[in-house]
Amino acid sequence: MIYFLYDILLAIAALVYLPFYAVRGRVHGRILDRIGIFCADDWQVPEDKKTIWIHAVSVGEARATESLVRFFRSRWPQTRIVVSTVTPTGYGILKKVLKDNELAVFAPLDLSWVVRKFLKVLRPSLVVIMETELWPNLIRLSSAAGARVVIVNGRISDRSFAGYKRLSWLVGPVLKLIGLFCMQSRESADRIVAMGADPGRVHVMGNIKFDISSDFSRPAFLKKLRALAPNQMLWVAGSTHENEEEMLLGIYKSLRKDFAGLRLVIAPRHLERIDKIRRLIRVNGLEAVLVSRLDNLQSGQVALLDTMGDLTALYELADVVFVGGSLVNKGGHNPIEPAVFGKPVLFGKHMDNFREVRDIFVRQGAALEVGTVQDLEYELRRLLASPAERKTLGEKARELLSQNRGATERTVSEIAREMDL
């Protein structure tokens, strides 16, 4: 009865919010996949193969699957790997990461009849849920179909913990169906136990996002960007949100007075905001240019990254990086991605979604946290004036990554020990 009511409420919510997201440009062409309308022949798994289904909800999780898929591929080479995501950007990243015999799909809405169709077609032996996407129908129906369900790189934020406690009547029973919890930290492990997980199934493995690789293809237009500005400094602002770009443009206009060779590249978190940001740039007396169409990059121009899945490659070109979603209260984004290239990283105080990662970076002096817009301008000015300071901060970031690698290997080894594939 509980899950019947859950289905009804979720279906109503989907019908209500779909037009809202359509108006905001958040509905993409693959929405039919998410409600179970797809060509099953395109997804069929050969009868002689087992399937591992990995669910990576969004961009960060999609990037983190690269190391996980690599280890799965090595340990179980005869197993087909399917990775699902929710966002178009995440899907674009998966298409670049996965090989020809592996499948990227849009995840089903957590409606029982939709999930059943996915399970019938994919026939997974193992369902791996990245972070902590505790969708009741996905978990309970996967278990009922004979698949083992595991949580990988599990994390319970303050907000999620409060929400899950309010929904303990719904979430508690499905936690009993999960065979293994590989959590990022002791705090998250304790929280999942408090929510009802079996303590004997909960393990602290570290964060697999630290296992990010710098070995990936670079789009030609990004290589061109560096060639266009060989003697200029590039400030990359990644995953920015509404109200954040205006602050950054104000800082940029101030910095240009003393650093004439400084160029700003903004990579908005949501590409549907590109036109709005272009107008904002013009209002600030600057010229907006799209990175994908870039022929030159002159003083007074601000470049906008307008392609999906290329932010990490863009970070490699930067002289200094600001990680967005942190000057405004959006929970921040992943500072590990620019750190892999040894870049000096700055972020604001709103890093709730990456609190544990933020704590490690700040504690080891591998990134700079700023409290205000004025603080950000001050630290940028200091770094831009000192190549030695930029190099030192970047080297600390790269060293931090080296010290924290290995979570993926530990996680896959634990899965192999606990489960027979």
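Cβ coordinates come from backbone N, Cα and C, glycine included.
Keep in mind that TrEMBL annotations are predicted by a computer and have not been checked by a curator.
Feature annotations, courtesy of TrEMBL:
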- 6-23: transmembrane segment (TRANSMEM)
- 46-212: domain '3-deoxy-D-manno-octulosonic-acid transferase N-terminal' (DOMAIN)
- E61: active site, proton acceptor (ACT_SITE)
- E131: site 'Transition state stabilizer' (SITE)
- K209: site 'Transition state stabilizer' (SITE)
- 301-399: domain 'Glycosyl transferase family 1' (DOMAIN)
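This view paints the features noted in TrEMBL onto the structure.
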| residue | record | DSSP (3 states) |
| --- | --- | --- |
| E61 | active site, proton acceptor | helix |
| E131 | site 'Transition state stabilizer' | coil |
| K209 | site 'Transition state stabilizer' | helix |
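Around K209 (site 'Transition state stabilizer'), taking its Cβ as the centre, 24 other Cβ atoms fall within 10 Å, counting all chains.
If you take the Cα of E131 (site 'Transition state stabilizer') and the Cα of E61 (active site, proton acceptor), they are about 7 angstrom apart, rounded to a whole number.
Calculated from their C-alpha atoms, the gap between the residue listed as 'active site, proton acceptor' and K209 (site 'Transition state stabilizer') amounts to 8 Å. Taken together, the residues of the domain 'Glycosyl transferase family 1' (301-399) have an average pLDDT of 96. With helix defined as DSSP H, G or I and strand as E or B, the domain 'Glycosyl transferase family 1' (301-399) counts 46 helix, 13 strand, 40 coil.
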